[in-house]
Amino acid sequence: MCGIVGANSTRNVTNILIEGLKKLEYRGYDSAGLAIIDDKNNIDICKEVGKVIELEKSVHNLANFKGDIGIAHTRWATHGKPSKNNSHPHASESFCIVHNGVIENFAELKKVLINDGYKFKSDTDTEVIAHLLQKEWRDNFSIVDNIKYIMAMLKGAYAVAIISQKFSDKIVAVRSGSPLVIGVGIDENFISSDALSLLPVTNKFSYLDEGDIAIISKDNVEVFDNNGAAKNLEVEEYNYSSSSASKDGYKHYMLKEIYEQPEAVSNTILASLADGEISLDSFDKRAKELFEKTKHICIVACGTSYNAGMTAKYWIEKYAKVPCSVEIASEIRYRDNVVVDGSLFVSISQSGETADTLESLRKSKKQNYVGSMCICNVPNSSLVRESDIAFMTKAGVEIGVASTKAFTTQLVALAIFTLVIAKLKNSLTDQQIAKYTEELKNIRALVMGALKLDTEIDQISEYFSDKEHTIFLGRGLYYPIAIEGALKLKEISYIHAEAYPSGELKHGPLALVDKNMPIVAVVPNDELLDKTLSNLQEVHARGGKLILFVDKAVKERVNFDNSIVLELDAGHDFSAPVVFTIPLQLLSYHVAIIKGTDVDQPRNLAKSVTVE
C-alpha cells in the first residue's frame, strides 16, 4: 500500500527519494510527496496528486529544492480523498512525518489538539501525529524517550518516518504493525517500507522488528526495542539486482512475470531437492519434529494466496490423508475459532507483510497450535521471522499488483509440502512419492507449453470487449483455480467475474446464463470429467458462450458447437492446477489490454496490503 523512503547522506538526496518512490509505485498509490531539510535548517515540502513523475517535475521546477536529509511517500487514501492537502509529508511547526497504516483513535486525538489550538490542513489521521509530536515533545527527554511516550498514545498499526528541526541531522523511524527496513550505505543510510526501493543505492539491509525505534544518522544507525533498550543492527545482503524491477522489453510487468513462471516454478522445485528427492531441509531443521506432531492443518491467507491454500486442501486430504481447513485471514483473526488438537498453523503471503495474515499468525501463538509454518517469497519479512519454520518460494521480485508467478510458486510449494507430510505419515509409498516428484519436475516444460497459447488467447480476448460479466467454472481441485481466474479478470479488466463449482450451477448461477454471458471453464483429465462435461452441457443448452481450456488427452470428448476450445498438455493432479492457471492469467491480461485498463496498477488496489 503506501510507501515510505527516507535518506540521510552527504549528498543531495532529492533524486534518491524520487527514484525510491518510483520503485514503490507497484504497491499502489494516488499521490506522492517529499520533504527535505535544507542548508538553512528549513523543512521544504513538495506534494502532488497523481504519478511520481508529476512530483518529479514539480521538484525540478523549484529553485534550490535540495538537501542531504529527507523523507518521501506514496499515499493510498484511507482517511481523506486524494488531494495535495491530504498527501504526505505532513508537518507541524518543527516536525515533518510520513506514515503508513491507520491510527484508529485519530478522531479523539484530533479533537483534543483542536481544542488546544492546533490547526489542521488535511483530513488525514497522519497529521494528528505531527501535531502530537509538537505538543508533547520535551527537549529535556532523549529522542527515544520522547518517541516511546508519544507513540504510546496512538492506537492502530503504523510505520512512521520523522525529520525535525529539533534533530536536523537524523531521521527517526518507528515500526508498529507496518514493515520498515533500514538500508546501510557508506556515509549514508536509508529507511523504507520495501528494500526494493533502495536497491539502486545499497544491497545491505536490516529489518526492524515490531515496536522498534531507529535513529538514522549519516554514519550510524541506532535501533532500540519498545522498552528503549539498544539493539545490535543485524545487516544482511539482499541478492536481487535493481534490474529485477525492470520490464526487460515487455509492455507490462504482469506479462513479464507470466513469462517468468517456467523459471520461477522450476527454481522453487529445485530448491527443495537433494539428490533428486524432496528434502525436509528445504523447510527447516525443526520441520520433521513439527510435522510428525501434526494431525490437522489450518491454512490462513488472503486473496490469491487463499486460493492457493484452497487448492492445497484437496492435495493434503487426498494424498497426505490429513484433515485440512482453509481460512481467510481477516475472518479468522477476529473469530473465536476452535483449534483442533495437533493443528499446524500454515500462513501464505507473497510479501510476508500482509496485515491480516500477520496478525492471524500472532493470534495463533496464543492458541493451542503445535506450531507455525509460512510459505513466503520475501526472506526476512515479518511472516518469515515470526513463524517457527518457513518455506521460501523462488518467484523473484513481483511488481504487478495482480499476482502471477507468486501464485504458481505457492502452488508448487504446497505440493511439495503435501508430499513431505504424506511421506512422514506413510500415506504414500516411496514409489508414489518418486512418481509425483517427477511430475513436479516436469512442470517447467508444461508451463512453457501453456504459454504457447498466448497468440490464440489474444485473439479470443476481443470477444470480451463489450462484456461486463463472466462466470468461471471448475470442479474439485480446479474450483480454486477457477476462483483465481475470476479474481485475475476482475482485478485488471474490471469485468465482474464470479467463480462457481460446476456442480453448483443448478443451485442458482444457471439463472445468469444466456447468449451474452461468457462461461470460462477448465476441463482437466481427471475422475470428474464426465460430471464436468455434463455441467457444461447445461450451459451450452441455454445458449451460454463457452470458453474452454481443455487437457489434450480429453479433447475428443469435448464437442460443443459455437464454443471456443483451446487445448494444452496439463499433466496430472500436482501439475495441472499450475498449468491451467497460465491461460487464465493470459486471458485476463489480454482482456485488460482490450479494455484499456492499467494492467500493472489497477484502480483502488495495492500490491502489499499492510493495513486492515
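Our numbering is plain: 1 for the first residue shown, then up by one each step along the chain.
Any Cβ shown, glycine's included, is placed from N, Cα and C.
The structure displayed is predicted, hence computed values, not measured ones.
According to Swiss-Prot, the feature active site, nucleophile maps to Cys2, an assignment based on sequence analysis. Annotated domain 'Glutamine amidotransferase type-2' per Swiss-Prot: 2-219, in sequence order, evidence recorded as sequence analysis. What Swiss-Prot lists as domain 'SIS 1' is 287-427. Annotated domain 'SIS 2' per Swiss-Prot: 460-602, in sequence order, evidence recorded as sequence analysis. Under the heading active site, for Fru-6P isomerization activity, Swiss-Prot lists Lys607, citing sequence analysis as support.
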Specify the count of other C-beta atoms within 10 Å of the C-beta of Cys2 (active site, nucleophile).
28
Could you tell me how many residues in the domain 'SIS 1' (287-427) are helical, how many are strand and how many are coil under DSSP?
64 helix, 28 strand, 49 coil
Can you see whether DSSP assigns the residue listed as 'active site, nucleophile' to helix, strand or coil?
coil
Which value does the mean pLDDT take for the domain 'Glutamine amidotransferase type-2' (2-219) in this predicted structure?
92
